[in-house]
């Protein structure tokens, strides 16, 4: 600290200060980016588009410089006269006799498993692989459907359809495109040859209930969240996605609604919508796209992906001639053309606002009528304008009849005043439209004002590149609401006025001085107020009183909200506001908590701005005069006006001139706005009017060119002080304060840096080069003793050990404390906590995950090494980078290319109570195999966790970095595969790793003596990319076993998937939380995840994965660890039979968990369809949708893909068994089709009821006659018998299934078993049949089909005991609970009685006893209990199980 007092520091300080002042004085108009004229920007934009066109890959978007108004530059057809979409006016549509019933062929069939969905970046498309044909409806022939596309709005059911009817737009529009297969072989060929194609438009309308027909689509959307993602869809029926009645439709000739906009489309627009719930709508709003501006790519939400509506021109819209179809509820449809929201507004906003000077003292305002009129006719227009002069604000509103020219002349214009104009349409009953664009005019300079930004049309916004894993986050600025606020200068400046629908107006809290400076009023900055954070309700009394005690000042940062909040098309201006207001209505009503969270976010943002450069420190804070004392408004930063009563506020505590100490003192609130207002208009003499600061210092952006017609601030840039204005005569008045402020700011920065350097130096000395360990939040009993001790206090940034090369960082990394309210949750309360998160459509999970997404937004963590040109090829994905501060550094290789040989895309990640517990990395590339194995050797890694398959959905996710057999050499590392063990959901490989450069006993060898080590790879094989596993239990088993394999002398556990973020982060969180549960009986998922997000980007990639973590942990808490070694099983069984405090045994509690499964696992809607009900013997034993065995559907027949059968997980494969019912006479062929489709070669028949009729009991053909199943025939070729030890017999049939079209043959063996399990036989005989089946299965492929009469307990028991016996053989342990629960999850209704569950335990005890005692003497009873001769203690005997 003494160095700060040395003269050289002060000399340096004075030089820097003088340089800053010289820069500010000499270049006051410089901004972050070049701001040119409108003509220049349009020219640049056109050049960029022409370049893309020349390259053969024209880029287009739904907004910005490549938005719809620019499509014509790259696709000339987009400027044609017959473009789509259009607004269809029902009363103008004529009935066409040629438009009769629509004929659909194949639409009633379920789609095949080849149908797939893709996120194209512009929409979500379904590629249809089945035959769907459309004819009729005036189409010139029989057309084949090839693809389906969707268009949607911003959020919460806002308008998103491309077409509209009578001005009514819907949340989603689905479009089905088809072509003539007689002329072309594909849809794309028809477009390229400019031939006629067809399209259907189907509207989706919000309904209170889920539409089950959409479930496969919604499930598919979750698999294509990110750009270019693809997924196969579950079977669906395309007809179910259409309206119930197809008779009412409109017809017109139009174009494609996307480039190339070819005018070749025969449109069929259905009048009736299809229902969709808000919950299902959310899947559309979660889709991401990649936006591109020049060479910069950014990941944004894909929203508002619709083209603006086009003019009808000379075209005619026709209606179908199916008259009865138009009668039903048409009146209701027309009376309310836009539903609940549109019924409140007169029309869309007036468009094409212009302000032009007529002479020195007069202006002319002109506009065009709204594109859509919801409640015609328009009676008149209201022109409102406001102006300022000599710090006094004037305002005037007048009306103009709609039948006259849409122009207004404003006389007596002063060149020294600022004028703001906007127009509103008025219909009958004083129903009004939304306001038009707000135009700002001063001294021949016109600006378009949208929302809270001044924008220049046609200029692309260059967004910073981000990852597909991170959604853009809106940071809410302080806001307040007012009921009926007048249309004052403030409401104009924020682009918001009184709501035209009579609802509460939403007004941005402040218009800061940057806006006013650019217009000649003062210096400062303008805040961005994303629509997603504007409340539409007044705060509650309690919330307002909490918020009233502090002053919140305006910030200078404009943040881009997710989705296009600045529309390029004028017709969308009001829609953005309307959609934002709709979104607010779905927000949580817990007002206090929302305001507190916004308040904290605002504080963090404002504190961070205190350290900005001098370019942003040219703002002053004028203190209010003593004659104007004020109170603060809730979170708004507004000062109340003397004499005006403030509702819902606490008594004032702040003194005049007081500034909150924790906020930026350099920010100026230029306008003072009352938190409440009356319906009366303000007058110039009203003492309650907002006051302007008496002095108007200019910012750097206080000059503008007289030649500029439009001046813009790029909303994607952070500095919004780039608006240009005239110089002010009071320029020198703020230079002295600026010097003082700059000096103080610089001193504070130097002191802060010195403190940080000192603090980090102390930590290095204390920790001897290792980071401090994370501390945990104490349990509830410890909190009183530990005080305010919190979990994961800071993010750890690492000091590498001596074996790693050191790189001097370019900048210091900030230390991020975890929020104070992040406390661990006791496990007893975790179930209740999850219930709260699931409530309100999983709103709690969404809030938590948004907080996770924001936690690193302001940290400025660098990843320069990943972006270095020499390292970019080492990254599997361009947007998944390794943070510099926590990256794993390899020892540099000798040679000329050694400079960047220390890089690998991997980061250290902390675990529970252990720093650097994991290494999170990407799936290795072939070019990085050597680096990967070097890292494993140097880090002494003994466990590899792999959570991806090499290829998924046809895409390479990871390259195989281990030898398939024998040995492979990767640089200096030789890897040998020692063994492979395959389990149902994961595979364990034991690898030997040897370093040829390390000799035994060499000093550089971390282990000191060995040059060979063993590395175990745990490879989970059932985890879908960007998704989650179907069931949590197998994942828990995988995590527990891989975690238990780690030895104390091993280095970090290496975890990777494909990108090394989503599935990798999920594993790390589950593993760490399981350790915390074991150690402290507490859980802190949110706090821990926010902590590790500072160490590798985007760990836990999706909200779905975040929810899965909670589900898995809850499963672990409820079920506990149930795997038991064979030697402990007897004592374990006795312990779970002891009644607890409530009188219930743990066995009863386990069985309750088995039978009470989560509702999402037991959905059985396919089995409950009317066409399938007759195929079920017992409606209570049907397949769950997640594990249902599907059949290849037969063409033209509905429901032919259904059979009452379920996959069951075994020990070696996830679909090792299929449990089904005894075939019914009319489902016998379905049974054999299932065998054929799934290549099953073993059938085990367990008859529960011997009273079945002969024709029903025997479902196979006789030897004399084959059974014909169309695609194949079934022939019995032999029959044999196998005697068991109890003299019972198994009848064995051998069948051959031969294809009728080719030479394929499938051999099937059928075991017709006696009564099993036999209650009259010893329990040990139970495994005799199982051993026969197991031995046969070793030589056969495909699943084993097991059936009893209903496909219930007997079949389930055989699968359970087979799996458990295999587990006992391989692991010398069993997990009865997990096996039984998995069977009940995959086929609900198998285990329904606790005695069935007890029998599984008895059988396993018998098997273990048999193995331990050899074939010693056994005594059996008829109830199935077994006693060995040596057993004498009744408490320890299996008799106690009865």
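Think of each number as a place in line: the chain as shown, counted from 1.
Cβ coordinates are placed from backbone N, Cα and C, and glycine is handled just like the others.
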Annotation N-linked glycosylation site in Swiss-Prot: match it to one of 719, 810, please.
719
Stretch carrying region 'Disordered' according to Swiss-Prot (options 421-440, 441-460, 461-480):
461-480
May I ask you to indicate which of 769-788, 789-808, 829-848 is given in Swiss-Prot as region 'Disordered'?
769-788
Say Swiss-Prot lists 1025, 1057, 1058, 1059, 1060, 1061, 1062, 1063 as binding substrate: which of 960, 1101, 1128 is in the same site, per that record?
1101
With respect to Swiss-Prot, which of the residues 359, 1178 bears the note N-linked glycosylation site?
359
If I look at Swiss-Prot, which residue among 156, 1249 would I find recorded as N-linked glycosylation site?
156
Any idea which of 1381-1411, 1412-1442 is down as region 'Disordered' in Swiss-Prot?
1412-1442
Which one of the recorded positions (1101, 1179) has its C-beta surrounded by the most other C-beta atoms within 10 angstroms?
1101
Count the other Cβ atoms sitting within 10 Å of the Cβ of residue 1062 (substrate binding site), across every protein chain shown.
26
What's the most sparsely packed of the recorded positions 78, 1025, 1058, 1060, counting other C-beta atoms within 10 A?
1025
Can you give me the Cα-Cα distance between residue 1101 (substrate binding site) and residue 78 (disulfide bond) in Å, rounded to a whole number?
38
May I ask which residues of the same chain, at least 6 positions away in sequence, place their Cβ under 8 angstroms from the Cβ of residue 261 (disulfide bond)?
71, 75, 77, 78, 80, 83, 255
Rounded Cα separation (Å) that holds between residue 1062 (substrate binding site) and residue 1179 (phosphoserine):
39
Taking the Cα atoms as reference points, how far is residue 1179 (phosphoserine) from residue 1025 (substrate binding site) in Å?
35
Where residue 1101 (substrate binding site) falls in three-state DSSP terms:
coil
Rounded to a whole number, what is the top Cα to Cα distance in Å among the residues the record ties to substrate, namely 1025, 1057, 1058, 1059, 1060, 1061, 1062, 1063, 1101?
12
